[in-house]
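Listed features, source TrEMBL:
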type	residues	note
BINDING	B:ARG48, B:ARG54	NADP(+) binding site
BINDING	B:ARG125, B:SER126, B:SER127, B:ASN238, B:ALA239, B:GLY278, B:LYS293, B:PRO294, B:THR295, B:SER296, B:SER297, B:ARG319	FMN binding site
Number of protein chains: 4
Amino acid sequence: MAGNTFGQLFTVTTFGESHGPALGCIIDGCPPGLPLNEQDIQTDLDRRKPGTNRHVTQRREADEVEILSGVFEGRTTGTPIALLIRNTDQRSKDYGNIARQFRPGHADYTYWHKYGIRDYRGGGRSSARETAARVAAGAVAKKWLKTQFGTEIACWVTQVGEQEIAFENEDFIAENPFFAANRSQIAELEAYMDSVRKSLDSVGAKLHIEARGVPVGLGEPVFDRLDADIAHALMSINAVKGVEIGDGFDVVAQRGSVHGDELAPQGFQSNHAGGILGGISTGQTITANFAIKPTSSIATPRRSIDTDGNAVEIATHGRHDPCVGLRAAPIAEAMLALVLMDHAMRHRAQNTGVCVNTPDIARLG
Amino acid sequence: MAGNTFGQLFTVTTFGESHGPALGCIIDGCPPGLPLNEQDIQTDLDRRKPGTNRHVTQRREADEVEILSGVFEGRTTGTPIALLIRNTDQRSKDYGNIARQFRPGHADYTYWHKYGIRDYRGGGRSSARETAARVAAGAVAKKWLKTQFGTEIACWVTQVGEQEIAFENEDFIAENPFFAANRSQIAELEAYMDSVRKSLDSVGAKLHIEARGVPVGLGEPVFDRLDADIAHALMSINAVKGVEIGDGFDVVAQRGSVHGDELAPQGFQSNHAGGILGGISTGQTITANFAIKPTSSIATPRRSIDTDGNAVEIATHGRHDPCVGLRAAPIAEAMLALVLMDHAMRHRAQNTGVCVNTPDIARLG
Amino acid sequence: MAGNTFGQLFTVTTFGESHGPALGCIIDGCPPGLPLNEQDIQTDLDRRKPGTNRHVTQRREADEVEILSGVFEGRTTGTPIALLIRNTDQRSKDYGNIARQFRPGHADYTYWHKYGIRDYRGGGRSSARETAARVAAGAVAKKWLKTQFGTEIACWVTQVGEQEIAFENEDFIAENPFFAANRSQIAELEAYMDSVRKSLDSVGAKLHIEARGVPVGLGEPVFDRLDADIAHALMSINAVKGVEIGDGFDVVAQRGSVHGDELAPQGFQSNHAGGILGGISTGQTITANFAIKPTSSIATPRRSIDTDGNAVEIATHGRHDPCVGLRAAPIAEAMLALVLMDHAMRHRAQNTGVCVNTPDIARLG
Amino acid sequence: MAGNTFGQLFTVTTFGESHGPALGCIIDGCPPGLPLNEQDIQTDLDRRKPGTNRHVTQRREADEVEILSGVFEGRTTGTPIALLIRNTDQRSKDYGNIARQFRPGHADYTYWHKYGIRDYRGGGRSSARETAARVAAGAVAKKWLKTQFGTEIACWVTQVGEQEIAFENEDFIAENPFFAANRSQIAELEAYMDSVRKSLDSVGAKLHIEARGVPVGLGEPVFDRLDADIAHALMSINAVKGVEIGDGFDVVAQRGSVHGDELAPQGFQSNHAGGILGGISTGQTITANFAIKPTSSIATPRRSIDTDGNAVEIATHGRHDPCVGLRAAPIAEAMLALVLMDHAMRHRAQNTGVCVNTPDIARLG
């Protein structure tokens with residue numbers, strides 16, 4: 001109810017604050033028998049990790065994960081998998097006025113009004129550090145999806161501030177700090193981000209995500225449509241303000257005769273729908289885009305108030321990402337994996353029928 | 001798990017097919033003591049009702065609601081409220097090939113692959129008729145929100161196909177079949193929609209929705225952020241392909257110094273965030289936009305396959321909305337009301353503390 | 001959250017008051033393809049029906065069920081199945097003081113304090129009439145379990161007041177109004193119940209329930225143990241005050257060397273555990289007992305208070321069962337069926353592994 | 001779905017195996033502002049701890065708890081509270097045949113059939129060590145209930161094997177290893193348990209539990225009755241085979257004129273109901289009893305089979321409780337606290353009405 005659990009059958013419950021002793025999660029419902037070790041998870045954590053280049057926060061965290069339960073002799077047992085990541089670089093410092101002031105664009109104001117108490121150190125629970133636990137859990141789902149169906153999930157940045165990034169090749173994504181599927185624009189992006197940082201400001205970003213090798217039939221037709229759950233998952237990532245499935249907002253000006261994807265004996269002839277019809281996967285590639293707002297912590301002074309309602313001026317110094325969108329790709333991949341895995345398990349649960357000819361369900365193993 | 005229930009504390013479970021005997025829902029968790037009668041619900045049902053003008057489907061349904069339980073002497077009792085709407089105009093006809101063919105853009109293909117069986121009459125459960133039950137349930141939530149906090153929810157169409165609709169005045173919305181907050185463009189829109197219909201095609205739409213008078217503090221900070229739940233709710237409406245909160249996709253090119261809403265002793269100085277920070281309501285107006293794809297059922301012939309995989313050509317005749325977006329406003333209002341009510345109850349549950357000074361919680365009654 | 005939904009994957013949400021227009025439920029998550037019609041459900045409703053003999057309430061209800069959705073051409077479609085039962089014999093009468101007085105042993109006092117409002121006509125939602133919806137839903141689960149695994153569920157009365165009823169033959173149960181697996185004691189029981197009724201009093205009862213043909217592996221090991229869920233299910237039936245699994249309270253004085261069921265290559269050598277070990281079914285017959293308190297509505301005057309706290313004397317006249325336990329068997333069967341079906345679906349969801357040799361899972365279809 | 005989470009609003013998700021690196025849980029939904037530190041939790045953990053006297057297992061565990069999140073400056077913040085308990089005395093040993101044999105009365109057989117893989121070291125997840133996490137979580141709920149309502153929960157052993165233990169004084173419970181509310185029978189019990197241990201056998205136990213100072217109005221009337229949830233909670237404890245609420249199985253032979261608790265202006269005149277009517281608390285003391293089976297791990301040789309189906313003989317040596325019931329009191333207290341806290345929060349959520357006069361709800365703060 002307090003919303004720290006994601007999923008219905010493959011559930012992930014996360015915990016942890018930016019400057020507390022640790023972050024982590026419990027995965028409940030992971031099918032037994034999946035080969036799993038720390039390295040499977042560490043690889044994705046390292047992709048999200050802060051401090052790896054000059055365009056992201058300089059906080060240095062090893063983000064080393066420990067599996068506390070649910071794995072025996074290298075395989076999952078069907079019991080809860082607890083994952084623990086100790087915080088190691090939560091600098092002790094004088095928080096000064098932060099404890100009693102609301103930074104513009106931050107959750108300070110709303111946490112204080114909701115709870116009447118707030119762990120202000122580094123943003124507490126509202127910090128993007130919370131997403132480390134998501135990435136860890138997502139790595140398990142990704143591995144299962146890959147093993148079970150061959151599903152591949154990829155996410156890349158398509159725009160940073162005003163800079164659109166052309167798609168060149170997916171292989172380039174891992175080679176640059178911008179998660180850009182592009183090699184030729186990297187120098188330009190480096191310069192752009194340097195200029196943003198020097199201006200003591202921040203910028204937004206847009207990302208594209210897709211999942212290939214998704215079986216047909218995932219998703220529930222009314223409230224828990226696959227697209228609705230994906231929108232929920234992506235919008236639950238800090239700073240996301242917009243989500244599109246398939247053609248997204250372009251559908252407004254489309255005609256039905258253009259949008260509806262035709263079928264031939266060989267399969268679908270286009271994919272305007274983004275791989276989902278009636279809330280259920282078609283077996284095509286699932287595609288989505290999402291928008292991330294500019295980082296709220298900037299060194300430019302801004303007007304605000306304190307907890308007594310007095311006017312104050314705030315400039316946030318310290319270690320912050322000038323574009324939080326740059327580290328969002330692994331987080332979004334994790335969230336999409338959690339959605340797909342949960343729906344694969346739901347589908348399996350429901351199709352226990354004795355009586356129905358369900359030709360594609362065999363693909364669900 | 002099968003996704004026909006929405007909400008965690010104020011839960012709505014819907015049932016019903018387009019051409020079955022009835023539609024309806026059970027609302028569980030409605031607080032006791034709310035004055036409620038059929039007319040409270042009927043008003044919103046009538047706004048969504050088909051057959052009221054030439055720009056929407058010509059199916060004629062009274063959409064009369066009967067309250068079967070949970071109300072005693074004009075007030076809710078805290079027990080489940082069952083709402084029943086009988087279908088009356090589900091024409092019997094020869095469905096011909098529809099039973100074995102997949103209409104492009106429709107859920108036919110995915111239902112068949114998911115379930116191995118499908119009620120093809122009028123789209124069955126994937127028909128937009130299913131949303132009548134949502135509107136009925138939403139009317140109860142709206143009334144409670146209005147009574148408890150004075151919350152007002154409004155939704156209007158801002159674009160139909162290529163036609164952008166300027167905002168003039170909210171009072172105009174109820175006066176035209178386009179749910180446009182505009183009087184001067186109506187003639188133009190009538191002509192436009194006539195031309196779309198005559199071309200045997202359909203168009204998409206974009207809508208704006210907002211909620212005023214929302215208390216601060218609603219929403220859970222991680223997975224069940226208020227914005228994530230709104231995205232889920234809106235994307236769960238048939239044909240929605242994109243959702244924006246606040247500035248939405250415009251944030252990509254914004255600077256942090258512009259986006260972050262400043263505070264003064266009098267309150268927030270702007271509302272780029274759309275009334276939500278860190279997943280929690282700020283007390284400002286909540287704003288969102290969403291995109292609806294063009295109706296898939298069009299009379300223009302299109303290529304598809306049948307259940308045996310043979311190529312076929314399909315043109316969908318019959319009673320269909322040339323722009324499904326035109327009737328989406330009451331549905332979206334209902335969904336937003338369900339989200340807000342659920343979160344108001346969650347907030348109330350959690351803030352049972354004896355020890356905390358929570359200044360705004362008094363507003364939650 | 002308000003507790004009118006049972007189950008996690010096969011969910012049943014009930015509604016309805018004793019003297020309202022109707023009772024019913026929505027079943028969500030039923031697998032597609034199950035042959036189902038009204039008669040499948042009516043048979044069990046008729047077994048629970050009031051007014052069939054002089055030992056139960058004389059209220060006459062047809063308890064006719066209408067399927068409103070989720071079934072197409074005689075088979076379930078995977079969409080919600082709504083079941084409707086109209087009340088027909090809710091006599092209008094002068095409720096007199098009942099509206100403001102708390103009957104001893106009834107839910108009047110607690111409803112009034114919980115909700116501040118209460119539908120006092122015939123007990124409203126706290127009436128045993130609510131269980132008709134459970135029996136209807138349970139009939140669907142029973143049919144699926146029978147079709148899928150050959151599971152059979154049986155329940156009979158083993159004691160009424162001081163009268164113990166020896167087990168003779170299960171076939172006798174349907175032949176007598178006491179749900180006794182016994183023919184020779186019927187005359188004696190008739191006389192006993194007549195004397196209870198004439199004394200203007202009521203008695204309790206004890207019942208035994210079992211399920212045969214349950215696959216091994218159902219149940220979750222920690223909180224949602226199969227036995228814990230069965231205890232929950234049985235204790236959720238009006239008036240149940242005690243539940244035992246297997247040997248139940250007899251285990252207190254047993255030795256481990258007696259209690260622990262030994263295994264041989266042919267299978268288990270005894271069944272003290274009641275078919276469940278570690279919260280998971282063993283494949284043996286599941287056995288349980290439960291106790292039902294005497295009916296609270298009796299014509300003997302009793303002391304109580306009214307809503308203003310004044311002392312009053314209450315004698316409840318009207319149409320009441322002198323032993324509510326006599327009609328509990330079909331209800332308990334329904335609840336056990338709901339638990340087993342839900343766990344069968346959960347098991348199926350979880351065992352999606354690609355990598356594990358799970359020899360008995362084949363039995364789950 | 002996999003059942004390692006308890007509660008709906010105050011949720012506890014546990015993890016950990018007997019011989020894995022750690023046990024623990026995440027509490028989600030704890031109201032903000034509750035003063036909390038490790039010692040609040042440690043006190044109850046120490047009461048459950050193994051190795052403290054010769055009548056329980058000799059495994060030595062410090063059971064030291066670490067709070068990883070959700071507490072700031074000595075108070076809960078409303079965010080998830082993660083609790084970690086490292087295992088320190090999980091002896092490495094040769095497990096020999098245990099890996100491939102099913103111990104009678106144990107979960108070995110069912111885990112293996114359910115999952116196809118099993119952590120056999122010390123029983124893995126089916127070990128009673130799992131309950132340490134429950135006790136830790138329960139301590140938080142107990143503290144909140146105490147602070148909020150003054151609720152007190154107490155549990156004691158009323159029978160061990162054939163030995164009934166008379167109630168003398170609740171203060172004695174903490175003074176003896178038998179959790180007996182009795183001082184005069186202790187010597188006798190010591191001798192009895194020594195004889196059981198020497199016979200290489202084990203015995204069952206019966207316990208009584210009660211909660212005083214529970215507000216009226218907790219519980220949901222249909223499936224989630226307070227008594228049903230208590231039955232679920234207690235039956236979910238390892239080895240519990242029977243649960244009674246109030247008079248329990250004694251109600252079978254009672255008359256309605258005896259059982260129904262009369263009311264006077266001063267309050268209820270008796271408590272046969274155990275403090276619950278219609279599934280909702282009456283404000284009286286809640287009372288329940290439960291039965292625990294004899295420990296399955298005994299040194300007496302027993303017949304069983306291995307995973308290949310061959311007959312084997314098993315005697316379980318090692319560190320085991322000769323009566324697991326002796327350490328069940330703190331676990332049952334924890335479970336009852338979790339149920340009450342969850343229902344107090346549910347009640348609070350639902351009674352958000354603006355319109356109802358609910359006189360006792362003020363007691364809910």
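Note that Cβ sites are derived from N, Cα and C of the backbone, with glycine treated the same way.
Proximity to chain A (CB-CB distance below 8 Å) holds for B:ARG125, B:LYS293, B:THR295 among the binding-site residues B:ARG48, B:ARG54, B:ARG125, B:SER127, B:LYS293, B:THR295.
Here the binding-site residues are B:THR295, B:SER297, and the one with the most other Cβ atoms within 10 Å of its Cβ is B:THR295.
In this structure, B:ARG54 is the one among the binding-site residues B:ARG48, B:ARG54, B:ARG125, B:LYS293 with the smallest number of other Cβ atoms inside 10 Å of its Cβ.
Taking the C-alpha positions, the distance from B:ARG48 (NADP(+) binding site) to B:SER127 (FMN binding site) comes to 14 Å. The shortest Cα-Cα distance from B:ARG54 (NADP(+) binding site) to any of the binding-site residues (B:ARG125, B:SER127, B:LYS293, B:THR295) is found for B:THR295. Each of the binding-site residues B:SER127, B:ALA239 was scored by the other Cβ atoms within 10 Å of its Cβ; the lowest score goes to B:SER127.
Among the binding-site residues B:ARG48, B:ALA239, B:LYS293, B:THR295, none has a Cβ under 8 Å from a Cβ of chain C. In three-state terms derived from DSSP, B:LYS293 (FMN binding site) belongs to neither a helical nor a strand segment and is classed as coil. Largest CA to CA distance in the FMN binding set (B:ARG125, B:SER126, B:SER127, B:ASN238, B:ALA239, B:GLY278, B:LYS293, B:PRO294, B:THR295, B:SER296, B:SER297, B:ARG319): 44 Å, whole number.
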